[in-house]
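Read the structure below first, then the notes.
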Amino acid sequence: MFSVGKKISFILPIKGVLQKLKDNAQKTVLLDATWYLPTDTKNGKKEYLESRLPGAQYFDIDEAKDHKNPLPHMLPPADEFASYVGKLGIDRNTNVIIYDRKGFFSSPRVFWTFKVFGHEHVFLFPNAFNAWKTEGLELETGEPRTPKPVVYEGAKLNKDLVASFDDIVKVIESPDAAGVHIVDARAHERFLGNVPESRPGLASGHIPTSINIPFTETTAAGITAPKPEEDLEKVFSSHGLTDKSVPIITSCGSGVTASVLFAALKECGFKDVRVYDESWSGYGKRANEDSSLLATGP
(Lines of atoms letter the chains of each structure in order from A; the text may use other names.)
(Lines give C-alpha, C1' and ligand atoms only; values in the text may rest on other atoms or scores of the structure.)
Protein backbone atom coordinates (compact mmCIF):
# COMPACT_ATOMS: atom_id res chain seq x y z
CA MET A 1 0.00 0.00 0.00
CA PHE A 2 1.20 3.51 -0.75
CA SER A 3 1.98 5.54 2.35
CA VAL A 4 0.16 8.88 2.46
CA GLY A 5 2.50 11.73 1.64
CA LYS A 6 5.48 9.47 1.04
CA LYS A 7 7.27 9.34 -2.30
CA ILE A 8 7.68 5.72 -3.33
CA SER A 9 10.59 4.69 -5.56
CA PHE A 10 9.10 1.84 -7.54
CA ILE A 11 10.57 2.43 -11.02
CA LEU A 12 13.83 0.53 -11.31
CA PRO A 13 16.72 1.01 -13.75
CA ILE A 14 18.65 -2.04 -14.94
CA LYS A 15 21.22 -1.64 -12.14
CA GLY A 16 18.47 -1.74 -9.53
CA VAL A 17 16.94 -4.86 -11.06
CA LEU A 18 20.27 -6.68 -11.19
CA GLN A 19 20.98 -5.69 -7.59
CA LYS A 20 17.68 -7.13 -6.37
CA LEU A 21 18.34 -10.34 -8.28
CA LYS A 22 21.82 -10.51 -6.77
CA ASP A 23 20.69 -9.76 -3.21
CA ASN A 24 17.70 -12.08 -3.08
CA ALA A 25 17.16 -14.10 -6.24
CA GLN A 26 15.08 -16.72 -4.40
CA LYS A 27 12.52 -14.11 -3.36
CA THR A 28 12.45 -12.09 -6.58
CA VAL A 29 10.21 -12.84 -9.56
CA LEU A 30 10.38 -11.14 -12.93
CA LEU A 31 6.97 -10.83 -14.58
CA ASP A 32 6.45 -10.34 -18.30
CA ALA A 33 3.20 -8.37 -18.59
CA THR A 34 3.28 -7.83 -22.35
CA TRP A 35 -0.17 -7.17 -23.80
CA TYR A 36 -1.30 -5.53 -27.01
CA LEU A 37 -4.47 -3.76 -28.06
CA PRO A 38 -7.05 -5.94 -29.85
CA THR A 39 -6.32 -3.99 -33.04
CA ASP A 40 -2.66 -5.14 -32.93
CA THR A 41 -1.59 -8.36 -34.63
CA LYS A 42 1.04 -9.12 -31.99
CA ASN A 43 0.47 -11.56 -29.14
CA GLY A 44 2.18 -11.02 -25.78
CA LYS A 45 1.98 -14.64 -24.62
CA LYS A 46 3.41 -15.92 -27.91
CA GLU A 47 6.32 -13.48 -27.70
CA TYR A 48 6.97 -14.52 -24.10
CA LEU A 49 7.17 -18.17 -25.12
CA GLU A 50 9.72 -17.27 -27.79
CA SER A 51 12.02 -15.21 -25.54
CA ARG A 52 11.99 -13.51 -22.15
CA LEU A 53 14.20 -12.18 -19.37
CA PRO A 54 15.77 -15.21 -17.67
CA GLY A 55 13.37 -16.94 -15.30
CA ALA A 56 10.49 -14.56 -16.02
CA GLN A 57 6.91 -15.72 -15.61
CA TYR A 58 4.02 -14.43 -17.71
CA PHE A 59 1.15 -12.43 -16.23
CA ASP A 60 -1.85 -12.51 -18.54
CA ILE A 61 -4.35 -9.73 -17.81
CA ASP A 62 -6.94 -11.60 -19.85
CA GLU A 63 -6.58 -14.63 -17.58
CA ALA A 64 -6.15 -12.94 -14.19
CA LYS A 65 -9.49 -11.14 -14.45
CA ASP A 66 -13.10 -11.26 -13.32
CA HIS A 67 -14.40 -14.00 -15.59
CA LYS A 68 -18.00 -13.24 -14.63
CA ASN A 69 -17.74 -9.70 -15.97
CA PRO A 70 -18.08 -9.32 -19.77
CA LEU A 71 -15.88 -6.22 -19.83
CA PRO A 72 -12.20 -6.72 -20.76
CA HIS A 73 -9.67 -7.67 -18.07
CA MET A 74 -11.56 -6.30 -15.08
CA LEU A 75 -9.87 -6.87 -11.71
CA PRO A 76 -10.29 -10.45 -10.46
CA PRO A 77 -11.73 -11.27 -7.03
CA ALA A 78 -9.03 -11.26 -4.33
CA ASP A 79 -9.02 -15.04 -3.90
CA GLU A 80 -8.60 -15.59 -7.63
CA PHE A 81 -5.73 -13.10 -7.76
CA ALA A 82 -4.06 -14.94 -4.88
CA SER A 83 -4.49 -18.29 -6.61
CA TYR A 84 -3.16 -16.97 -9.93
CA VAL A 85 0.01 -15.34 -8.57
CA GLY A 86 0.64 -18.23 -6.17
CA LYS A 87 0.94 -20.51 -9.20
CA LEU A 88 3.62 -18.13 -10.52
CA GLY A 89 5.68 -18.70 -7.37
CA ILE A 90 4.74 -15.38 -5.81
CA ASP A 91 3.89 -15.04 -2.13
CA ARG A 92 3.21 -12.00 0.02
CA ASN A 93 6.92 -11.26 0.56
CA THR A 94 8.16 -11.76 -2.99
CA ASN A 95 9.89 -8.92 -4.80
CA VAL A 96 7.88 -8.62 -8.02
CA ILE A 97 9.54 -6.79 -10.93
CA ILE A 98 7.23 -6.17 -13.87
CA TYR A 99 8.14 -5.36 -17.46
CA ASP A 100 6.56 -5.44 -20.90
CA ARG A 101 8.11 -5.80 -24.32
CA LYS A 102 6.99 -2.39 -25.56
CA GLY A 103 8.68 -0.76 -22.57
CA PHE A 104 6.05 1.01 -20.47
CA PHE A 105 2.62 0.17 -21.80
CA SER A 106 0.89 -2.79 -20.15
CA SER A 107 3.24 -3.37 -17.21
CA PRO A 108 1.76 -0.47 -15.17
CA ARG A 109 -1.64 -2.21 -15.30
CA VAL A 110 -0.17 -5.27 -13.59
CA PHE A 111 1.75 -3.05 -11.16
CA TRP A 112 -1.52 -1.34 -10.22
CA THR A 113 -3.23 -4.73 -9.85
CA PHE A 114 -0.63 -5.88 -7.33
CA LYS A 115 -0.98 -2.59 -5.45
CA VAL A 116 -4.77 -2.96 -5.40
CA PHE A 117 -4.40 -6.29 -3.61
CA GLY A 118 -1.93 -4.91 -1.10
CA HIS A 119 1.38 -6.26 -2.41
CA GLU A 120 4.15 -4.09 -1.01
CA HIS A 121 7.27 -5.20 -2.85
CA VAL A 122 6.33 -4.51 -6.47
CA PHE A 123 8.38 -2.58 -9.01
CA LEU A 124 8.34 -1.51 -12.65
CA PHE A 125 11.26 -2.13 -15.01
CA PRO A 126 10.79 0.17 -18.04
CA ASN A 127 12.52 -0.44 -21.36
CA ALA A 128 13.56 -3.81 -20.00
CA PHE A 129 14.53 -5.61 -23.22
CA ASN A 130 16.70 -2.78 -24.52
CA ALA A 131 18.31 -2.27 -21.11
CA TRP A 132 19.00 -6.00 -20.77
CA LYS A 133 20.64 -6.18 -24.19
CA THR A 134 22.64 -2.99 -23.60
CA GLU A 135 24.18 -4.63 -20.53
CA GLY A 136 25.28 -7.50 -22.77
CA LEU A 137 22.93 -9.93 -21.04
CA GLU A 138 21.24 -12.79 -22.85
CA LEU A 139 17.54 -13.49 -23.11
CA GLU A 140 16.08 -16.85 -22.22
CA THR A 141 14.59 -18.93 -25.03
CA GLY A 142 12.97 -22.34 -25.22
CA GLU A 143 10.55 -23.72 -22.66
CA PRO A 144 9.90 -21.28 -19.78
CA ARG A 145 10.85 -22.42 -16.30
CA THR A 146 8.06 -23.94 -14.24
CA PRO A 147 7.76 -22.21 -10.85
CA LYS A 148 7.04 -24.00 -7.60
CA PRO A 149 3.50 -23.01 -6.55
CA VAL A 150 3.19 -21.19 -3.23
CA VAL A 151 0.33 -19.88 -1.11
CA TYR A 152 -0.39 -16.17 -1.42
CA GLU A 153 -2.00 -14.98 1.80
CA GLY A 154 -3.81 -11.81 2.76
CA ALA A 155 -4.96 -10.51 -0.63
CA LYS A 156 -7.61 -7.87 -0.05
CA LEU A 157 -8.90 -5.30 -2.52
CA ASN A 158 -7.93 -1.76 -1.57
CA LYS A 159 -10.92 0.37 -2.60
CA ASP A 160 -8.81 3.51 -2.23
CA LEU A 161 -7.06 2.64 -5.52
CA VAL A 162 -10.14 1.68 -7.56
CA ALA A 163 -12.93 3.90 -8.92
CA SER A 164 -16.39 2.65 -9.88
CA PHE A 165 -19.09 4.01 -12.16
CA ASP A 166 -20.89 5.38 -9.09
CA ASP A 167 -17.74 7.33 -8.18
CA ILE A 168 -17.69 8.84 -11.66
CA VAL A 169 -21.36 9.84 -11.47
CA LYS A 170 -20.77 11.63 -8.17
CA VAL A 171 -18.09 13.76 -9.81
CA ILE A 172 -20.26 14.51 -12.86
CA GLU A 173 -23.22 15.55 -10.73
CA SER A 174 -21.23 17.73 -8.35
CA PRO A 175 -17.66 18.30 -9.55
CA ASP A 176 -16.91 21.15 -7.15
CA ALA A 177 -18.27 19.31 -4.12
CA ALA A 178 -16.54 16.08 -5.11
CA GLY A 179 -13.22 17.87 -5.55
CA VAL A 180 -11.99 15.13 -7.88
CA HIS A 181 -10.20 15.39 -11.22
CA ILE A 182 -11.10 12.74 -13.82
CA VAL A 183 -8.18 12.33 -16.23
CA ASP A 184 -8.68 10.53 -19.55
CA ALA A 185 -5.57 8.84 -20.96
CA ARG A 186 -6.97 8.19 -24.44
CA ALA A 187 -5.79 9.91 -27.62
CA HIS A 188 -7.15 13.42 -28.07
CA GLU A 189 -9.32 12.61 -31.11
CA ARG A 190 -11.06 9.86 -29.16
CA PHE A 191 -11.59 12.21 -26.23
CA LEU A 192 -13.17 14.80 -28.53
CA GLY A 193 -15.43 12.17 -30.06
CA ASN A 194 -14.10 12.77 -33.57
CA VAL A 195 -13.33 9.12 -34.28
CA PRO A 196 -15.33 5.93 -33.68
CA GLU A 197 -14.29 3.57 -30.91
CA SER A 198 -12.70 0.29 -32.02
CA ARG A 199 -14.90 -1.74 -29.68
CA PRO A 200 -18.50 -2.08 -30.92
CA GLY A 201 -21.41 -0.48 -29.10
CA LEU A 202 -19.46 2.36 -27.52
CA ALA A 203 -20.32 6.04 -27.79
CA SER A 204 -17.63 8.46 -28.98
CA GLY A 205 -16.65 11.28 -26.65
CA HIS A 206 -15.67 11.61 -23.02
CA ILE A 207 -16.89 11.77 -19.44
CA PRO A 208 -18.32 15.22 -18.60
CA THR A 209 -15.93 17.34 -16.46
CA SER A 210 -12.95 15.12 -17.39
CA ILE A 211 -9.67 16.45 -18.75
CA ASN A 212 -7.53 14.80 -21.39
CA ILE A 213 -3.90 13.86 -20.82
CA PRO A 214 -3.03 11.28 -23.49
CA PHE A 215 -0.78 8.75 -21.78
CA THR A 216 1.82 9.25 -24.51
CA GLU A 217 2.47 12.73 -23.08
CA THR A 218 3.95 10.98 -20.05
CA THR A 219 6.17 8.49 -21.88
CA ALA A 220 9.35 8.65 -23.91
CA ALA A 221 9.19 8.18 -27.67
CA GLY A 222 8.00 4.69 -28.59
CA ILE A 223 6.32 4.24 -25.18
CA THR A 224 9.55 2.70 -23.92
CA ALA A 225 9.70 4.37 -20.49
CA PRO A 226 8.14 7.12 -18.39
CA LYS A 227 9.50 10.60 -18.88
CA PRO A 228 11.84 11.89 -16.14
CA GLU A 229 9.99 13.12 -13.07
CA GLU A 230 10.80 16.76 -13.81
CA ASP A 231 9.18 16.44 -17.25
CA LEU A 232 6.18 14.63 -15.81
CA GLU A 233 5.67 17.48 -13.36
CA LYS A 234 5.58 19.91 -16.30
CA VAL A 235 3.05 17.75 -18.17
CA PHE A 236 0.68 17.56 -15.22
CA SER A 237 1.13 21.22 -14.33
CA SER A 238 0.27 22.25 -17.91
CA HIS A 239 -3.07 20.49 -17.46
CA GLY A 240 -3.79 22.16 -14.13
CA LEU A 241 -2.70 19.31 -11.88
CA THR A 242 -0.52 21.05 -9.32
CA ASP A 243 -2.13 20.25 -5.97
CA LYS A 244 -0.92 16.76 -5.13
CA SER A 245 -3.49 16.28 -2.40
CA VAL A 246 -6.48 16.60 -4.75
CA PRO A 247 -8.04 13.20 -5.61
CA ILE A 248 -7.57 11.99 -9.18
CA ILE A 249 -9.36 9.24 -11.11
CA THR A 250 -7.65 8.00 -14.28
CA SER A 251 -9.59 6.46 -17.14
CA CYS A 252 -8.85 5.17 -20.65
CA GLY A 253 -10.26 2.53 -22.99
CA SER A 254 -10.14 -0.52 -20.74
CA GLY A 255 -7.98 0.37 -17.73
CA VAL A 256 -4.53 -0.28 -19.24
CA THR A 257 -3.17 3.15 -20.17
CA ALA A 258 -5.08 4.68 -17.24
CA SER A 259 -2.59 2.66 -15.20
CA VAL A 260 0.29 4.33 -17.05
CA LEU A 261 -1.04 7.65 -15.77
CA PHE A 262 -1.51 6.10 -12.32
CA ALA A 263 2.17 5.15 -12.22
CA ALA A 264 3.31 8.53 -13.54
CA LEU A 265 1.18 10.43 -11.03
CA LYS A 266 2.39 8.31 -8.12
CA GLU A 267 5.97 8.77 -9.28
CA CYS A 268 5.40 12.52 -8.98
CA GLY A 269 4.01 12.17 -5.48
CA PHE A 270 0.27 12.59 -6.07
CA LYS A 271 -1.31 11.11 -2.98
CA ASP A 272 -4.82 10.02 -3.96
CA VAL A 273 -5.00 8.33 -7.37
CA ARG A 274 -7.55 5.75 -8.44
CA VAL A 275 -8.04 3.88 -11.71
CA TYR A 276 -11.54 3.64 -13.16
CA ASP A 277 -11.36 -0.09 -13.84
CA GLU A 278 -14.07 -0.45 -16.49
CA SER A 279 -13.04 2.82 -18.17
CA TRP A 280 -14.59 3.58 -21.58
CA SER A 281 -15.31 -0.08 -22.37
CA GLY A 282 -18.03 0.12 -19.72
CA TYR A 283 -18.76 3.83 -19.60
CA GLY A 284 -19.06 4.12 -23.38
CA LYS A 285 -21.81 1.49 -23.38
CA ARG A 286 -23.69 3.36 -20.67
CA ALA A 287 -23.28 6.64 -22.60
CA ASN A 288 -24.67 4.96 -25.70
CA GLU A 289 -27.89 4.41 -23.76
CA ASP A 290 -27.92 7.67 -21.78
CA SER A 291 -26.71 10.77 -23.63
CA SER A 292 -26.55 12.78 -20.40
CA LEU A 293 -23.42 10.79 -19.59
CA LEU A 294 -21.65 11.94 -22.75
CA ALA A 295 -19.62 15.01 -23.63
CA THR A 296 -17.91 15.76 -26.95
CA GLY A 297 -15.57 18.42 -28.21
CA PRO A 298 -12.98 20.24 -26.09
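Including glycine, each Cβ sits where the backbone N, Cα and C put it.
Looking at Ser83, Ser164, Ser251, Swiss-Prot tags one of them with phosphoserine, and that residue is Ser164. Looking at 40-73, 142-175, 210-243, the range annotated in Swiss-Prot as region 'Hinge' turns out to be 142-175. A simple way to gauge crowding: the CB of Ser164 (phosphoserine) has 15 other CB atoms within 10 angstroms, across all the protein chains here. Mapped onto DSSP helix, strand and coil, the region 'Hinge' (142-175) counts 13 helix, 2 strand, 19 coil. In this structure, the C-alpha atom of Cys252 (active site, cysteine persulfide intermediate) lies 10 angstrom from that of Arg190 (substrate binding site). In the three-state DSSP scheme, Arg190 (substrate binding site) is classed as helix.
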